[in-house]
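TrEMBL annotations:
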- 15-36: transmembrane segment (TRANSMEM)
- 56-73: transmembrane segment (TRANSMEM)
- 85-103: transmembrane segment (TRANSMEM)
- 109-126: transmembrane segment (TRANSMEM)
- 133-159: transmembrane segment (TRANSMEM)
- 179-200: transmembrane segment (TRANSMEM)
- 209-354: domain 'O-antigen ligase-related' (DOMAIN)
- 247-268: transmembrane segment (TRANSMEM)
- 338-360: transmembrane segment (TRANSMEM)
- 385-416: transmembrane segment (TRANSMEM)
Amino acid sequence: MTLTNHKHESASEGFAGALLFTATLLFYLVTLTPFIDLSAADASAAATGKSNMINQLVYLGLTAALWWTVLNSPARQLVGRPRTILVALLVWFGIVSALSLHPDLALKRVFLATLTIANGSVLLLLPRSERQFAGMLTLGCLGTLGLAYLGVALLPHFSIHQASEIREPMNAGLWRGHFAHKNVAAAAMVLISFVGLYLFSTGRRLVGAAMTLLAVVFLTQTGGKSASAALPGILAFAWIFERWRAVRAPMVILGIAAFNILTIGCAVSPAMRDLVAHLGIDPTFTNRIDIWKIGATAVMDNPLTGYGFQLFWQTADMVHKGGSATSWAYAAFNGHNAYLDAAVTTGIPGLVLTLVWVVWVPLRDIARAEASANDPALTRLFVRIWLYGIVMACVESLFFQSGSLWFMLVVAIFGLHLQARAHEIRGAAHQSRSMEPAHA
C-alpha cells in the first residue's frame, strides 16, 4: 500500500468512527421517537409483549457497526474491561431470568442490556484523539439542545407537558423538549451541563459556556426537582471527592446506604416518616413510598433470585391489580429506585454484583486514573457523570435501562477504567498516531 493510500484509508476510518460515535450519542439523546404525543398514550397497557421493531432493528444495526469498527481497531482488547465482574453479573442475570415466570422475555432483556453495556465500552474507542472526542461530544450535545429548544418554540404541544395528558396532567406547562418526560429531559440537561463544563475547562470556553447556560436554562423549565438539586450538589460533591481522597469511599458507600435507608425506611416505618417530616422533607418523596413498599415486600418474599430481569413492574399481573388505596402503585413503570429494583428483579446476589460493578470498580479506577498521565479534565467529566448516576439511582430506576442517563453512566464507568489503564492520545486526529483510538 502506498503512503497516499494509507493516509486516505486512515482518514476514511477516522471519519467513519466519528460518524458512528455521533450517531450512537444521538440515538440515546434524541431517540428514534422524539416528540411523543402523551395525550394519546395508552396508559393501561402492560409492558409485557411491547416491542418497537424499527427501534430494535436500528439498534441492532448500530451495534453491529460499532462492533465491526472496534474489531478492526488496535484497541479491541480494551472492550468490556474489567470482564470478570461483568461476566459474573450477566451470567447471574441469565440464571434468574431462566427461572422466572417469563424466561423468554427476561432473557431477551438481558441480551439487550448486554448490548447496551458493550456499546458503551466500544464508544470511547472510536475517537482518534481527545480533540476529536470533544468535537463529537460538542456536535451531539448542541444538536440535542437545538432540537429541544426548537420543539418548545415550534411544537409546544409535543414539547411542553399538557393538561390533556393521560398519566400526569399535573405536569402541564413544564418543558420536556423532544424527550418523553420532563424528568428524562432534566437528566439529559444535567449531563449536557457536565459536558459544557468539561469543554470550558479544556480551553473551549465559548462553546462550553454557551452549552452549559442553555442546558441550565432548559433544566429550570422542566420542573425536575431532583435533577435541579443534583446539578450543584454533584459539582460540590465532585469537588470534595477530587481533593480529599480519604473520604471518597465513605462518602459514596455510606451516602448511598444512608439515602436508601432513609427513603426505603419511610416506606416501611412510620417512625422514619415522622423523623423525615420533622426535617422538613416530604416523607412520601412525591408519593414514591407506596411503590417502595411494594418493592420491599417483593424482595422479602423472594430474596435469592428475584422475579427475573426487568420482569416485576409493568407485567400484566401488576398493571391490572387494584381494589386498594395503593392500587395505583402497582401500575408504576418501575420501582423509582435502581438499587431496590436490582434486588426485586435479580435478588440480593444480583444487587451485590451490580454494586461491585457500578460503585466499587469505578472507585478503584479513579484512584489509578489520578496516578496516570491522562487528562484530569476528562477524568473529572467521567467522575461527575458517575456520581450523578449513582445518586439519581436512589430515586429513579436507571440501571440496565435503555435511556440516555444509563448509557452515559456506562460510558463513564468504562471511561474511568480507560483513564486508569490506557494511554490517552491528546493530539489532533490527523497526526501520525491517528491510526490509534483515543485510548490505546
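Glycine is treated like the rest: Cβ placed from N, Cα and C.
TrEMBL entries are annotated by machine, without manual review.
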### Task
Determine which recorded stretch among 15-36, 56-73, 109-126, 247-268 has the most C-beta pairs below 8 angstroms with the transmembrane segment (133-159).
15-36
### Message
Assess whether the transmembrane segment (109-126) lies in contact with the transmembrane segment (385-416), where contact requires at least three Cβ pairs under 8 Å among residues 6 or more apart in sequence.
### Response
yes
### Summary
Counting only residues at least 6 beyond its ends, the same-chain positions whose CB falls under 8 A of a CB in the transmembrane segment (385-416) are 28-29, 81, 112-113, 116-117, 119-121, 123-124, 183-184, 187-188, 190-191, 194, 226-227, 230, 233-234, 237-238, 241, 252, 255-256, 259-260, 263, 285, 288, 309-310, 313, 334-342, 354, 357-359, 361-362, 365-366, 369, 378-379
### Task
Using a Cβ-Cβ cut-off of under 8 Å, list the residues of the same chain that are 6+ residues beyond the ends of the transmembrane segment (85-103) and lie near it.
48, 109-110, 113-114, 117, 305-309, 311, 315, 345-347, 349-350, 353-354, 356-357, 361
